[in-house]
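Okay, structure first, notes after.
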Amino acid sequence: MASPVGEDNWVGFVDSQLREAADLDARVNIVESFRRAVSAEPGSIKVWTAYCEYFWSLYTDCQPGSDAGWSPEEQQLGRELFSLDAALALWQQAYESVQYRLADSHKLWNRWVSLEMELLARGATEAGIRRITHLFKNRLAVPHATWDATSQMFSTFLSEYNQAAYESEMRAATHNARDAKRIYELRDPSEMKLKLAARSGDAEASKTVMLEYLDWEIRQARGKRDAVINFQICLGLFSRALTGELALDEDTWLNFVVFISTARTELKAGRSKIPANLLPNMLDVLQRAVHHVPWSGTVWARYILAAEEAGLNFTDIERIKHAATSSSQLDREGMTGVLEMYAAWCGYLKRTAMNPNTTEEAVDIAEVGLPSAIEDVKHWGKRRYGDTYQGDPNFRLEKILIQFLTEKKDNTEAARQEWESLAAIDLYANSYDFWLNWFLWEMVVFTASKNKTRSPTPATLANGLRVPSYATRVFQRALKVRTLDWPERIMEVFIQHCNDYELADTLREAQDTVYKTKKGVTKRREREAAQAAAAQAEYAAQYRDQTMVDAPDAGTDSAASPGSKRKREESPSGEDDKAGKRAKSEAPNGVETKRDRENTSVFVAGLPPDATQTKVRQFFREYGHVNQIDIQRLADSVVALVEFRAPDEARSALLRDGKIFGENTVQVTSATDCTLYVTNYPPEADDAYIRKLFKGCGKIHSIRFPSLKYNTMRRFCYLTFRDRASAAAAIKLDGKSLEGGKFKLSAKLSDPGMKQQRQGAQAEARELHVSYLPRQTTDDDLRQLFARTGRVASVRIPRDMAGRAKGSAFIVMETKEEAQEAIKTLDKVVFANHALKVELSKPLGQKLTATSHGVGGAASPEGESLAEAASPSSAPGSSNPSHAEISARTIAVLGIPDTMNDARVRAILDPIGPIVKLVLHPKHGGVIVEFTDASTAGKAALVIDKVEVDDGKKLRVGTVPELFRTEGETRVDRIDKPAAGTQDKEKKKLSAAELMPPPPNIRRMPLGRAGPKRGLGFVAAKKEKEGVNGASGPPAGAGKSNADFKKMFLGGGQGKEEAKERKAEETKG
């Protein structure tokens, strides 16, 4: 059975044995388990206290007259095994292990000294008084949080047992404790921060404060003053962190390992005053580390290296390697951990084999072990990634094998064959770094060979001299790879190499090869530049499209003056608030797979107050894959809702019902039929409203509102009860009238399988939306145009009430493939002097923003942001406010949760003063508010700042540009994977152009004139290439007005003439 990990698991493990202990042998086994526990967690107060208390109970149970039920034989043997001296020595050992845990070591020490004083009270002796006096003096000389309480205990003890020496003893103890008090005062601010973070219940805040505290403590330990005690305090703080909230934090373990390693280095070099006996054993530290973070290849690599440095034999180090490969978590973060561990293992084999005093057996082991390790890594990668895995980009293991074959076995042909096999893999063949490494190896082999000769350059009679032909062939092969990421660098080194070492004919052939290759590379770079320019131009076109004025639409705002034109609502970020964009993470075609939370979740009740997501996940790790854990901490209980990947896993998790979690017995029940889908409630309803509405039905575990980032029209929530009976009672409220019959509540059991999928041409990705059409375009014109790409099912041109076309159309193709072909062929095609925009039709009903209007003043026009309106109405009573007036009365409120709709925001802002217009931007986590006058806006800025909303989030006031520079909150409701889209980005295969390093900064002065130098492979930048350098992109400042765009399009040639005139004037000057 695997050993437990963490202090809570160890205590639970021993506690489960304790329940079954019925005889002396079982009790001895429990003591042995406690010894293993304190060895695994030597800095844990919880483990040490449990151990000492149990041992003390054994001491008392085996005494004559005890009612523990031991037989006389067991009592006699128990008095020999569990003597008083052994029990007190164990308490002292425990205290010495944790005494420098400043904040909580008093818990163990107070219990120990109370037992000592109980023994003294039974029969006071001079020796007993001296012993306890000595304990108090030593304790007072150690920095700790409860120094004053300890001093008061000592005072009480002296008053009772040694009144004559009271003053002298107290004076001496206080004098000796001056340094201890000074040292603790330096750490008191950090200790206070830790207390406040723990009291707030914010685990992340506690971790952050602890990490800052550790960094500060490490700096103190490196100082010269109080070096020894600072080092011990630093060890004590690491004990607190690594048995507490950072027990499973890889970086903290590595920080601890490096701290100990650095101390050993300093001690070995004679630069440290730390006694050697204070340094923890590195192997013990690393053994604990790999148990806590078995997925860390870096920690396993340090463990193997430390074992080699400590002189362990091959069998012991191989056992460490096997322990790493047997861990199911080594590849949790991908192949990085696997490669790091195997690199350490192969490095050990190579160093052992290449030792001048090594044995033939070690050489044979390396000869077999190195290729075997490479094969193991390949199998591991294939198992995890399939055929897409090509190997380690840095080919670390292969380099070690090549070095071994070259230097130890003197088998350059076998080593060269390894290079050849790597060159057959695209991952390496496309990398200039691989070819340079191979070239350098060939040059080392060439230089190390016998009968070395001088370079033929600049001698003319070079025939007959030995040349590094293998190195030359490496470059010749590299330049044949069309997808090489940095061919310019290879060509540069190739020419230099041939010039230094090769014969004249080879140099000439190399120059020919480089010349022809440069031509191909130049074309390739031009293609890549054209692709980049096209992408930039497309972006610029989209930007222009979004800032151009649309035709008047039938759906004008009622608040606008009659007959006034309306622009599309536009934000500086380029959002289209009219139709609502589809979420980027959504697949445009088909339906995304939904999580079946309702049937894959269980409730875990009776958890201890210190239960965390990590502990709960470990509790269920053998029963399935955990997607999410929602822990709710109430005054009387701690309950977690644990979501698994599949219903079968959730059912198997029910087997944990009645098991021990920490010190508590937990109840695990199914969460099926406990969640309701609730809608048709008032828009202003929040968490408190929903809880009040359903409070009579039973205990509510959580309320989950949807994100409004991609559709502000969503108004529903998921209400999860603690049991089915409560959910059944809540369903009875379905159809209840709210607010005098204005709303009819809908409350039904949530069932993802009941969701109806969209049907029709739009859902099947066959409907196209065509923009920027000439207004005189007819249905027949569009049928003829789109018939080129496939069969047209229908054509619809929207028209206004006067029968005029709006400049757009909807085309339905017969198949999805024909629709895609139409987009590919006709998007951006010029039709009747109009560049068309062809895209898939998007579903209505999704809005990225929500706009509401009030009274008191005319709102800024729909087509412009509130801060950029060019001709809106004026302040109250005026119909034409200036830009400055609109800006003065407009503010942006930031920090709005993406689950809060505009009605709830308005409920917060309405009491401040009358609102003209409010635009909610969930994607940016804020709202733009236009008040009736500047004074109301100023008052709002003072009142709103620091107002708390959901989960204690604070609002703040900012500017409109600041709002659009802000990204809204990113909520990840899963603990098993990063935010959506991250993995896709990681898996995306980059092109050679994206992987290409920047060209070398080489410049040479051309003959005949001054100017920038040109080097090999240098491609001069084109001066006026639109789109490449962002010339056609959006301006750095605010967007151009409609008049600017009109002037730009109508006067395209005017700018050139002005430029020529300016150049002529400069020439004259």
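Count begins at 1; order follows the chain as displayed.
Even glycines carry a Cβ here, placed using N, Cα and C.
In TrEMBL, annotation is done automatically, which means it is predicted and not curated.
Sequence annotations record features per position, and here TrEMBL assigns region 'Disordered' to 550-602, 851-883, 976-1069. The compositional bias 'Basic and acidic residues' annotation in TrEMBL covers 567-585, 976-991, 1055-1069. The feature domain 'RRM' is assigned by TrEMBL to 600-673, 674-750, 766-843, 889-962. Annotation comment: TrEMBL describes 858-882, 1029-1042 as compositional bias 'Low complexity'.
Taken residue by residue, the domain 'RRM' (674-750) breaks down under DSSP into 16 helix, 24 strand, 37 coil.
Across the domain 'RRM' (674-750), the prediction's mean pLDDT works out to 89. Across the domain 'RRM' (600-673), DSSP helix (H, G, I), strand (E, B) and coil residues number 17 helix, 28 strand, 29 coil. DSSP labels the residues of the domain 'RRM' (766-843) in these numbers: 19 helix, 25 strand, 34 coil.
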